[in-house]
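S.K.: Here it is: the structure, laid out below.
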Ligand SMILES: *[C@@H]1O[C@H](CO)[C@@H](O)[C@H](O)[C@H]1NC(C)=O
Ligand SMILES: *[C@@H]1O[C@H](CO)[C@@H](O)[C@H](O)[C@H]1NC(C)=O
Ligand SMILES: *[C@@H]1O[C@H](CO)[C@@H](O)[C@H](O)[C@H]1NC(C)=O
Ligand SMILES: *[C@@H]1O[C@H](CO)[C@@H](O)[C@H](O)[C@H]1NC(C)=O
Ligand SMILES: *[C@@H]1O[C@H](CO)[C@@H](O)[C@H](O)[C@H]1NC(C)=O
Ligand SMILES: *[C@@H]1O[C@H](CO)[C@@H](O)[C@H](O)[C@H]1NC(C)=O
């Protein structure tokens, strides 16, 4: 049967049973959405499946439903699903279809934001780092190489989404085109029109497509395009009627929509935790709802930047591991007073579900775990560098070495005697983002993007210089999203470029997962010379979930007192970065879903600066209380 034939056959069937097919549309005459013919208003909340372990999706969605929401909004991070061109992953924590099905089963509609760019305080705003193989690519524009990659990604993703459209019996009522495009310098209408056509081609003529921009005419100028419904975003304390008047400038008729109403705000390492008062959130929310407007609360639950997924802003400032966002549900999905206050406001505008709200999850303090030093990164090179070294005159970037995330190890020699302190520098600010430098196996300093561009070293000509470079997360907003990592310009010694580099691309996650680090003998080196810094090194410890206590394992938080900066894994799962000396986050969320009662649980730590182990007790702690709001002053704090 031809597609046309199938269509009329279905229409005939529907005609016979008398049921109208599901429909969702913009009603321009009555300034509202219309769902199955009825006037409809959504009260939605943002949840990013990529920031929550799959085992908890249902719990979080149910809590959102019980708050009185009738929809959720989610981003699709492209780089979470296509780690190299044409290699797709939609399994486990990336099982988007399962997430959409859960939302629908619970009774929530879905507002889908497939990008391709999403911002979201997510590495590179969701764009895959491999796009940077074309060095001068203009992202988010009609650049043909960018468009070709977008076309093949959307050609994979959108057909998967089509059965989930409301018209096709699924939960998706609308789909966003790009993301706050009016805030980007390129202002490329051809690019936006191309995305529009692509979405229409794969999703059909019926689905509601929309754009979102800041509530000012300047943003709408490059963000809104013909044929795509323009919406705005703004937070508590805004002049609601003025903000919607701005939307009316682009859309004289149709529903009022705030696509991102901020319940909290993002954080950066080294800056105070952002908090927005419950009172401010509910007052403006009430004004929005009183106007009959549609709203999406961003975030309703923030979740966690596990692994290396956090983004950064410029001038370079990376976001921490927690994406708690001061949202109504905490990072761990716990209910807050903000949750209940929002629920009370929603109750005034729609009937909210009855029944029990799922409670906050219990937390357990597994206590203190003794850690022992394994090998240093330099000792472990053979084990953690799977592809072998690359040699070149000048340093190469992560992308040159085909590595997207984590750490790359650079090695060269001092070409001259440095008997007095000699500056080792990155005059073009090309350490992206932090370099842990040692000379002949002694830690000698840290270079940091935008903050520390020069350190002094001493040593004889021919001394080995080892530099571990950390990618702390790609810029996710603005012009700086072409964010190359590693040593992206030459390092100089006494103003002369260093040459003759050997570079090791590191697969630390793979090594941790295969238990390779644990099989190695602890380091054989004797006591290290006293120093404020130690070499980047691995540490391991185990803990057992106690017997005889019901319902274990439970969620917990890992705290790293006296540790400085690094990365931590439990049973091979990368929990993210810790940096208690910079703050404001002091504890990392540990979901119970990664713990086991069948065997000892393995904790692996990569400490980059200085472990407490050399000078005293060497432990990590599991506690029941999260701390994401400590004010920590750092010696490196710059304004
Ligand atoms: C809010 O904006 C409206 C329309 O622009 C304006 O008339 C009103 O005075 C503003 N209210 C406040 C409190 O600034
Ligand atoms: C470095 O100093 C040593 C003596 O301390 C000398 O033998 C050597 O030639 C010097 N090397 C260079 C490259 O200047
Ligand atoms: C490097 O050493 C020189 C000479 O001792 C000194 O003047 C300078 O302040 C030092 N620089 C740093 C970054 O420590
Ligand atoms: C390093 O300097 C050399 C010589 O000036 C130059 O050719 C090269 O492009 C530079 N490399 C980087 C990564 O900046
Ligand atoms: C912990 O690491 C050991 C050694 O690699 C491994 O045999 C064991 O399976 C790991 N335990 C868990 C729970 O992953
Ligand atoms: C951090 O948050 C906790 C829990 O909300 C609160 O009790 C505490 O006062 C806050 N601390 C700071 C320094 O803001």
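Even glycines carry a Cβ here, placed using N, Cα and C.
If you look up TrEMBL, you'll see 180 marked as active site, proton donor. TrEMBL lists 260 with the feature active site, nucleophile. According to TrEMBL, the feature domain 'Glycoside hydrolase 35 catalytic' maps to 33-348. Taken from TrEMBL, the feature domain 'Beta-galactosidase 1-like first all-beta' covers 395-506. The domain 'Beta-galactosidase galactose-binding' feature in TrEMBL is assigned to 536-597. Per TrEMBL, signal peptide is recorded for 1-19.
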S.K.: In DSSP terms, helix, strand or coil for residue 260 (active site, nucleophile)?
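M.R.: Residue 260 (active site, nucleophile) sits in a strand per DSSP.
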S.K.: Quick check for the class: what is the C-alpha distance, in angstrom and rounded, between residue 180 (active site, proton donor) and the residue listed as 'active site, nucleophile'?
M.R.: 11
S.K.: Give the residue counts of the domain 'Beta-galactosidase galactose-binding' (536-597) per reduced DSSP state, in the order helix, strand, coil.
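M.R.: The breakdown for the domain 'Beta-galactosidase galactose-binding' (536-597) reads 3 helix, 27 strand, 32 coil.
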S.K.: So what sits near the residue listed as 'active site, nucleophile' in its own chain, CB-to-CB under 8 Å and at least six residues off in sequence?
M.R.: 46, 212, 233, 234, 235, 296, 298
S.K.: Count the Cβ atoms, other than its own, that fall within 10 Å of the Cβ of the residue listed as 'active site, proton donor', considering every protein chain shown.
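M.R.: A 10 Å sphere around the Cβ of the residue listed as 'active site, proton donor' contains 22 other Cβ atoms.
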S.K.: On average, what pLDDT score does this prediction assign to the domain 'Beta-galactosidase 1-like first all-beta' (395-506)?
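M.R.: In the predicted model, the domain 'Beta-galactosidase 1-like first all-beta' (395-506) has a mean pLDDT of 98.
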